[in-house]
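Enquirer: First the structure, then my questions, so here it is.
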């Protein structure tokens, strides 16, 4: 009896994962310095800096719709990733040049910085839904488990790239001096170089990739189908018999397969409506939360005891009389009787929730999408992040609540969303797009056979009629 061969991930996945690691390093490394760059280099005030930062972040999560449209309707995922990665690289280069003090005036620096950020937003947002979907395309329908494993590794590479970049690029800015000050040009230049590496690595794996060709202007066709169904329902619902679904009013003009695929996509998008609230709460964590958790035990158990042994405590300064050392106690902030380590369980729970939520969402968005709309649903998933940021802006900036009240409000809202989402998920029926493709393929073959049979039968009848006329 033959042993079952152990399934392994295709080699092409290595190139996609490394590409994602470098791209995320590039994006988060640049983004970690943006606020300081606006405040210290461009000399903007805090309000303008915060507004531009959030506007850029929001744009990065709205542009995936554009990338999905280009990939699924026009260029395909592979070419879309390459072309928009080039736009991404150009944006980084322009941004880095704008951080060189000797290049032009302040107005030119602002123009270059804003142009670079717009190009970066187009690049990172445009490729975001395509890379995940393209990775999923490397697996056949029988390799569901391997595909799920890929999405876990893919998400790990995202977090690894973002974590390392938020440590390294601030060090490059602060510890390396150039042009007589903090070296923003170098700190932005390193992410630019990583994006070049990401592009080169992705192209290097070209011969190994499975590529799904685009299937025409599918998004335009979807919009037209929805518009026709609504119009037809409005005009004929009073006279005709009711349909099972409102999209069924498009049967007169569009194929049943397209209608069913649109139903699939809409059902998933409706399921995503409550999800922005998760991101609204999650994205309010401090960017260095992981660093805090790592260094709290190290400092408590090792660093602080060593400092206490080597230095007088409380803080000592030399007296101005006779060179005598006199202790002086300095207190900047009131002592807090709650140790910061008590936050560890909360961060563990939040991180565990985010890992389960994000990886499952990526895989679910891919598995529940028709073959010609994989990038579209990935973009829909990313839009939940964008709307989560919008919610934060509205509540945090508009309401003006105390921080503890704000956190309590978000927690209560998220609890309500969990209940709503659980009810929605209970009524959701999981669809296998591959099985649906097979079903429609079989039906189309039968229809072709039936039409061929009818055509041959008609020809026979015509031939018989022709012979009898001659006689």
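Backbone N, Cα and C define each Cβ position, glycine as well.
Residues or ranges marked as transmembrane segment in TrEMBL: 21-39, 51-70, 82-104, 110-131, 152-172, 184-205, 264-282, 288-307, 376-396, 408-431.
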Enquirer: Checking distant contacts: for the transmembrane segment (264-282), what same-chain residues at least six beyond its ends satisfy Cβ-Cβ under 8 A?
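Expert: Beyond its ends, the transmembrane segment (264-282) has Cβ neighbours at 222, 247, 350, 353-354, 357, 361, 364-365, 368-370, 373, 376-377, 380-381, 383-392, 395, 410-411, 413-414, 417, 420-421, 424-425, 428, 431, 433, 436.
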Enquirer: Using a Cβ cut-off under 8 Å, which residues of the same chain at least 6 positions beyond either end of the transmembrane segment (152-172) come close to it?
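Expert: Non-local partners: 9, 13, 16-18, 20-30, 32-33, 132, 135, 183, 186-187, 190-191, 194, 287-288, 290-291, 355, 358-359, 362.
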Enquirer: Counting a contact as 3 or more Cβ pairs under 8 Å, with residues at least 6 apart in sequence, do the transmembrane segment (51-70) and the transmembrane segment (110-131) touch?
Expert: yes
Enquirer: Going along the chain, which residues at least six beyond the ends of the transmembrane segment (110-131) come within the CB cut-off of under 8 Å?
Expert: 16, 19-20, 23, 27, 30, 37, 42, 56, 59-64, 66-68, 70-71, 77, 80-81, 84-85, 87-99, 103-104, 375-376, 378-379, 381-382
